[in-house]
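Beneath this line is the structure, given in structure tokens, with notes to follow.
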Amino acid sequence: MAQDQLQVLNALDVAKTQLYHFTAIVIAGMGFFTDAYDLFCISLVTKLLGRIYYHHKGAPKPGILPPGISAAVNGVAFVGTLSGQLFFGWLGDKMGRKRVYGMTLMIMVICSIGSGLSFGKTPSGVIATLCFFRFWLGFGIGGDYPLSATIMSEYANKKTRGAFIAAVFAMQGFGILAGGIVALVVSGAFKNAYPAPIYSVNNEGSTPQEADIVWRIILMFGAIPALLTYYWRMKMPETARYTALVAKNATKAAFDMSKVLNVEIEAEDDKIEKIVEMQGNNFGLFTKEFLHRHGLHLLGTTSTWFLLDIAFYSQNLFQKDIFSKIGWIPHPETMNALDEVFKIAKAQTLIALCSTVPGYWFTVAFIDRMGRFAIQLMGFSFMTVFMFALAIPYNHWTKKENRIGFVIMYSLTFFFANFGPNATTFVVPAEIFPARLRSTCHGISAAAGKAGAIVGAFGFLYAAQSTDPSKVDAGYPTGIGVKNALIVLGCVNFLGSLFTLLVPESKGKSLEEMSKENGGEEEITKGENAQPIPV
């Protein structure tokens, strides 16, 4: 294959780690910081929205969002994200990574601000506009997934490519952490400025009017990091792999990368023509050739991301409900509105700090040593073990003296989600598909993940309700209970480990070696010790 490799692509593959790699990580990573902040900050304020807009005078407990409203508020951004992943993934292969990259960021900025403004004073008006803007916010976020992953994979060298792509994704952890910190600061400041009695003492007075500003500030803060990144995104040159292999402009690719790498690179237009005209190297997505070469790979990346996100987003969005069930967060009637936001944010921040963020960076450190396959299989396996360890003796964990143990075990499931499939499902689709289909296939894989997130967001909300009608939240039907819901998530994680067997190992290989775009006859293996399969 070496004789067919373009000089510009070979230069990228063997380049030593240098400043432009870290610049690309920061530029792409800040998008993911914003993505995670925007997607997960809503879970910090849903309880507050219920208190403000759905309070019933004289009720023994504070107001909560009705089932349909809660599902919409939590899930509408995921519907938008799924749509954006498919659309911008396809557009990134048609128009180029850079041209589309700025669009997604501006959508995120505008819709973050719009979410916080949410016009109107009536519950229906506020929630309707909130859901409208969060859908389009999700649409912009969706575009960031395939574009950021593809740009980073096409800029990286093959030795440390996994770490670079994982580092971009690891910024999600800081986004989740930032959401908790912002909520802590804002709710803490308002709590001190506008002290209020607890709900059981004064129903009406426990939610001061100023609380309506708190959730708006928390949501709008997501526009700031996105806005700061826009200029630098527009300065990035188009990736050489898109320019050379898709746009077929070897001269432009060599010129751009000569400036980036500070080396002289020859433009090889004649070799471009040879690669493009090579038999079997121009198939489309909906062809038998794609099915033969990459059908099982696409099934592997979509199925594992789908299963992972059912568990991951269920845990993230509803950890406040689980912590309330076991008593780690006090009963809502024993707090005022701002105190509840503060305690929920405190719980999320501790989980993010102790398990979510470290898990991401363990992946960054080990992915190019252990390989993608091993990390993903290990992560799913440990998630399964810890989920069953929480679920089967669930009654044991609900006792007051055992709550800290529950939180530790719950944190470990987050750790191995992030030192595991939550990172690798993002990395692998950006490495194993041809350049002209790379963004599209990553978008399809990511959209399958968001379909799983929608299942988790809507399903867990209902499933975790008590089997006892007297103990369910107002407006909800009876469910299967937290214990059985956790058992279901454990089974989902186990299925994820099985479907991981379809995912090829890409450690140490060039992108063209994985996709066979140079016409080589090498074979892709599933794992370090797996038997080779023809692609």
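Yeah, the Cβs are placed from backbone N, Cα and C, and that goes for glycine too.
Per TrEMBL, transmembrane segment is recorded for 20-45 (among others).
The domain 'Major facilitator superfamily (MFS) profile' feature in TrEMBL is assigned to 24-508.
Counting residues 6+ beyond its ends, the transmembrane segment (65-88) has Cβ neighbours under 8 Å at 38-39, 42-43, 46, 49-50, 54, 100, 103-104, 127, 130-131, 134-147, 313, 317, 439, 443-444, 446-447, 450-451, 453-454, 457-458, 461-462, 474-476 in the same chain. Annotation comment: TrEMBL describes 65-88 (among others) as transmembrane segment.
As annotated by TrEMBL, transmembrane segment applies to 100-119 (among others).
What TrEMBL lists as transmembrane segment is 125-142 (among others).
What TrEMBL lists as transmembrane segment is 163-190 (among others). Cβ atoms under 8 Å from those of the transmembrane segment (163-190) belong to residues 21, 24-25, 28-38, 40-41, 44-45, 148-149, 152-153, 155-156, 208, 210-211, 213-214, 217-218, 221, 316, 338-339, 341-342, 344-346, 348-349, 352-353, 356-357, 359-361, 363-365, 367-368, 418, 422-424, 426-427, 430-431 of the same chain, restricted to positions at least 6 beyond its ends.
Residues 23, 26-27, 30-31, 33-34, 37-38, 41-42, 44-45, 48-49, 52, 102, 105-106, 108-110, 112-113, 115-118, 179, 182-183, 186-187, 190, 338, 341 of the same chain sit 6 or more residues outside the transmembrane segment (213-232) yet have a Cβ under 8 Å from a Cβ within it. Annotation comment: TrEMBL describes 213-232 (among others) as transmembrane segment.
Summarising the annotation, TrEMBL assigns transmembrane segment to 350-367 (among others).
Outside the transmembrane segment (373-392) by six or more residues, the chain places 304, 308, 311, 363, 366-367, 406, 409-410, 412-413, 416-425, 428, 483-484, 486-487, 489-490, 493-494, 496-497, 500, 503-505, 526-528, 530 with a CB less than 8 A from a CB of the stretch. Per TrEMBL, the feature transmembrane segment maps to 373-392 (among others).
Counting same-chain residues at least six beyond the ends of the transmembrane segment (404-423), those with a Cβ under 8 angstroms from any Cβ of the stretch are 166, 169-170, 173, 304-305, 308, 311-312, 315, 319, 322-323, 326, 328, 351, 354-356, 358-360, 362-364, 366-367, 375-376, 378-380, 382-383, 386-387, 389-390, 397-398, 496, 500. Per TrEMBL, transmembrane segment is recorded for 404-423 (among others).
The transmembrane segment feature in TrEMBL is assigned to 443-464 (among others).
The transmembrane segment annotation in TrEMBL covers 485-504 (among others).
Per TrEMBL, compositional bias 'Basic and acidic residues' is recorded for 511-526.
The region 'Disordered' annotation in TrEMBL covers 511-535.
Ranked by Cβ pairs under 8 Å to the transmembrane segment (100-119), the stretches 20-45, 443-464, 485-504 are led by 20-45. Two recorded stretches are said to be in contact when at least 3 C-beta pairs lie under 8 angstroms, sequence spacing 6 or more; the transmembrane segment (125-142) and the transmembrane segment (20-45) meet this definition. Restricting the average to the domain 'Major facilitator superfamily (MFS) profile' (24-508) gives a pLDDT of 89.
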